[in-house]
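S.K.: The structure's right below; bear with me while I get my questions together.
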Amino acid sequence: MPNEREGHSGTAGLPADSGEDGPVFRVKDVLQPFDSTSQGGSAILGFGSDEGVRRNGGRVGAAGGPGAIRNIFARLPVHRPATLYDAGDILCADGDLEAAQSLYADRVAALLERNIRPVALGGGHEIAYGSFLGLARHLGDRLASTNVLIVNFDAHFDLRLASKPNSGTPFREIAELCAARGATFSYLCFGISELGNTSALFNRAKALGVEYRLDEEMRSSNFDSLRSTLLKRLEGADMVYLSIDLDVLPAAVAPGVSAPAARGVALEILEDLVDEILRTGKLTLADIAELNPVFDRDDQTARVAARLAYRLALASRSEPGEGCTATRRRSSSCDRHGHPPMPSDGDEEKKAI
Ligand SMILES: N=CN[C@@H](CCC(=O)O)C(=O)O
Ligand SMILES: [Mn+2]
Ligand SMILES: [Mn+2]
């Protein structure tokens, strides 16, 4: 049976802000527990599973991924008012991956019902099937008439055929779910490695109409072409489900994964493309998969994952510091240690600033 735990944001090793005279808000100060009154903004949600990786013959340890990302994420400074919830972690216990995916999908759907963008932390890439299942449950009959674009940054297609669901099968499962529900499977992959996928997988990608760009094409000199591929697909989409498998990054940038990349795609290119998605306002759901703390080095991969989670849940183009200054001026009870939390971007007070 799967189980779950309450949201928990590690704060061990926090820098000492006590001598500062300005705003020192950090993520831990603005995170609110997700409950029946939550509305809008984003939520962090963990999927602590490596059962899919185990079934796929990979290096296990990704069950500890959400905790490792949270530890870094909680300490990041927050520069602007934000609505950010902590929706806890779904754990996969006793190897019952299917039950854990279903429980996780229910949590994703509950967030979407409240107009909250889930930013989910894996866990093996088996998280992806749970994410899409959650979106499908949320949409119900509307799934068939909604153009959901799936964008996956990954060295792998994850379209495997296997006797049981695993970390290499989620997008094939999603394709089957779409077919069963009369929906189009619209899947765009960036960073596919020719040496990381068999011919069978390339053939399946073709049969399913998957569009992809190889890792070797993901160069800054080629950015305009990558951007145009993405923009074309975004234009026709009603909403976007974004999945980032950390093994798309070079092994030096993301060593803490089951299958480190010999080449990989630069973080800079990944972030610039993610920003293109964010700019459309169509990002509905996102997950960051495959962090395996057992193989990480100085929390390097967890730091990258936390940086990406921050971008997806909180980033804005305005100057750092503006929101905090305004918030402090307005709220006499806000102290420089972040208590109480600064108002969220949904609050009237912020709108008046
Ligand atoms: N999550 C995906 N896993 C890859 C692993 C590849 C590898 O271990 O080399 C896959 O199944 O293709
Ligand atoms: Mn991968
Ligand atoms: Mn993957």
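Even glycines carry a Cβ here, placed using N, Cα and C.
Take a look at what TrEMBL says about it:
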BINDING   His125, Asp154, Asp158, Asp245  Mn(2+) 1 binding site
BINDING   Asp154, His156, Asp245, Asp247  Mn(2+) 2 binding site
REGION    1-22  region 'Disordered'
REGION    318-353  region 'Disordered'
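Provide an account of the burial state, proximal residues and distances for the features listed.
M.R.: Proximity of Asp154 (Mn(2+) 1 binding site) to non-local residues of its own chain (separation of 6 or more, Cβ distance below 8 Å) is seen for His125, Cys189, Phe190, Gly191, Ile192, Ser243, Ile244, Asp245, Asp247, Val248, given in sequence order. According to DSSP, Asp154 (Mn(2+) 1 binding site) sits in a coil region rather than a helix or strand.
Note: His156 (Mn(2+) 2 binding site) has non-local neighbours His125, Gly168, Ile192, Ser193, Gly196, Asn197, Leu201, Asp245, Asp247, Ala259, i.e. same-chain residues 6+ apart with C-beta under 8 A of its own C-beta.
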S.K.: Check Asp247 (Mn(2+) 2 binding site) against DSSP and tell me helix, strand or coil, would you?
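M.R.: SS state of Asp247 (Mn(2+) 2 binding site) = helix.
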S.K.: Report the same-chain neighbours of Asp158 (Mn(2+) 1 binding site): residues 6+ apart in sequence with Cβ closer than 8 Å to its Cβ, ordered by sequence.
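M.R.: The answer is His125, Ala128, Asn152, Ser167, Gly168, Thr169, Pro170, Phe171, Arg172, Asp245.
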S.K.: Centre the Cβ atoms of Asp154, His156, Asp245, Asp247, go out 8 Å, and tell me which other residues of that chain have a Cβ in range of the Mn(2+) 2 site.
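M.R.: Going along the sequence, the neighbours come out as His125, Asn152, Phe153, Ala155, Asp158, Gly191, Gly196, Leu246, Val248, Ala259, Ala289, Glu290.
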S.K.: Around His125 (Mn(2+) 1 binding site), how many other CB atoms lie within 10 A of its CB?
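M.R.: His125 (Mn(2+) 1 binding site) is surrounded by 33 other Cβ atoms within 10 Å.
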S.K.: Within 8 Å of the centroid of the Cβ atoms of His125, Asp154, Asp158, Asp245, which other residues of that chain place their own Cβ, given that this set defines the recorded Mn(2+) 1 site?
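M.R.: Counting only non-site residues, the set is Ala128, Asn152, Ala155, His156, Phe157, Ser167, Gly168, Pro170, Phe171, Ser243, Asp247, Val248, Ala289, Glu290.
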